[in-house]
Amino acid sequence: MFFQTTIVAALASLAVATPLALRTDSRCNTESVKCCNKSEDAETFKKSASAALIPIKIGDITGEVYSECSPIVGLIGGSSCSAQTVCCDNAKFNGLVNIGCTPINVAL
């Protein structure tokens, strides 16, 4: 029984410790850092009603799609980002839906 508990705990620790794909360069324009409340993979996004809101070819979308984003600058001194912090320097579309953003690790 102890062995099984140890194995389950080790596997759970490994799952929690697995890193997300983060930016490899440390540069991100501060105006490009956003706090996004919603993220979904591109395939799920393509099937959603939100996909009709963007003026690009849906077939070109890959990776993660972020929405309900607000600038981090607007959060300083107020509430913190309790969702996903992303850098949108190379975003294909920047507005209601953000495509091409990269998750970043920021302690706010």
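Placed from the backbone N, Cα and C atoms, the Cβ positions cover glycine too.
Within the set Cys69, Cys81, the cysteine that Swiss-Prot bonds to Cys36 via a disulfide is Cys69.
Of the listed cysteines Cys81, Cys87, Cys88, Swiss-Prot assigns the disulfide bond with Cys28 to Cys87. Note: Swiss-Prot links Cys101 through a disulfide bond to Cys88 (candidates: Cys81, Cys88). Among the disulfide-bonded residues Cys28, Cys81, Cys88, the ones whose Cα sits within 10 Å of the Cα of Cys36 (disulfide bond) are Cys81. In the three-state DSSP classification, Cys81 (disulfide bond) falls within coil.
In the shown protein chains, 17 other C-beta atoms lie within 10 A of the C-beta of Cys81 (disulfide bond).
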